[in-house]
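**Student:** OK, TrEMBL features for this one:
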type     : residues : note
SIGNAL   : 1-24     : signal peptide
DOMAIN   : 98-427   : domain 'Peptidase A1'
ACT_SITE : ASP116   : active site
ACT_SITE : ASP321   : active site
Amino acid sequence: MRSSLKLTFFLLITIWVLSKTCKGRVFNFKMHHRFSDSFKNWSGLTTNWPEKGSFEYYAALAHRDQMLRGRRLSDADASLAFSDGNSTFRISSLGFLHYTTVELGTPGVKFMVALDTGSDLFWVPCDCSKCASTQGASYASDFELSIYNPKESSTSQKVTCNNDMCAQRNRCFGTFSSCPYMVSYVSAQTSTSGILVKDVLHLTTEDGGREFVEAYVTFGCGQVQSGSFLDIAAPNGLFGLGMEKISVPSVLSREGLIADSFSMCFGHDGIGRISFGDKGSPDQQETPFNVNPTHPTYNVTVTQVRVGTTLIDVELTALFDSGTSFTYMVDPAYSRVSENFHSLARDKWRPPDPRIPFEYCYDMSPDANASLIPTMSLTMKGGRHFTVYDPIIVISTQKEIVYCLAVVKSTELNIIGRKSCIFCAYK
């Protein structure tokens, strides 16, 4: 159940969701980051890509974090993947989310969706009144942004207002009318709205002989998008991976197709994978999630932060969010961590640059010794330790090399973002 949620650490950024049930299969697919060279080569895009490691590169990542900050926080020994495989990828022109390809409906239509552990609803553009443009938005010679049409899928089903998945019955016109939905991302003036529909999601087993599976899932027919969904993030849909009952991992588990678990791994090269029903290994370290029964999220407790040889008692709770680029801390934890890092840094500090959100940046000489940069690790509730393998970002220009502590001061909540974490989580 929710109270038994665990977080586990690994050498890749991974999210696991695990319960006591032992049923189902594991579905997986590879991931590529939108800023990765692999996806750039695959997509054929050559313009509007910030140069990796530049000030503009990290400014774009921080900008996307700010835009999405207001979103609503909202015996299984076989594994399952999406029909196109378990790959995920990054797209430089679309910020810092990881993407994958999913196939919906009959006949199947493919969508390039963003993966997000900070939200629950899976939605795609559909019967559009206002969606991201598909004109000239080809991401490869054989792939273009798609629009879902319920009338063109023989397996599409209407979700009515009396369905237990309908959370906004107060906006219904009648008991048997289509269930409306709206998810707002307030700080970015970003939202999606439309109606809920039900259709088959095409999956495949990944162990032994390949078996194709058609799983009915409830998702959003996104008729109206606003804000960043129109240009810089998730133009072809968002795949929410949260804990609520409408999320795809929850649906697959409830239907007995997988264990109540999933893993998501990010590689340093921007290529990754996701597996539904993956329970991990018994020797992985764990920490419990802090579960709010009314709206559960991937929230953990950090009891100490080690910077170099200095151990800092913090006792803070933080949201693990694969859709956030950097780590965000509120005071006093932010000040204590960053000031300790600064006291140990041996390179020349440089004044903050208004283009990026980092307060502690330093000049790096060409022959600098990376081993002299302060190390960092976290101690989680339960006493398990987690090494932050890469607590800095490096910014390169033709004239200089700068590195910054990749932690941003927050006034709202603590977030462990993708840049500072390499771990797995279990539900």
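Placement of Cβ uses the backbone N, Cα and C atoms for every residue, glycine included.
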**Student:** ASP116 (active site) has how many other Cβ neighbours within 10 Å of its own Cβ?
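**Tutor:** Its Cβ shell of radius 10 Å holds 24 other Cβ atoms.
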**Student:** Please average pLDDT over the domain 'Peptidase A1' (98-427) for the predicted structure.
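**Tutor:** A mean pLDDT of 86 is what the model gives the domain 'Peptidase A1' (98-427).
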**Student:** Reported as an integer number of Å, what is the Cα distance between ASP116 (active site) and ASP321 (active site)?
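**Tutor:** The Cα atom of ASP116 (active site) is 7 Å away from the Cα atom of ASP321 (active site).
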**Student:** Using Cβ atoms only, which residues of the same chain lie under 8 Å from ASP321 (active site) while being at least 6 residues apart in sequence?
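**Tutor:** ASP321 (active site) has long-range Cβ partners ASP116, THR117, GLY118, TYR298, ILE415, ILE416, GLY417.
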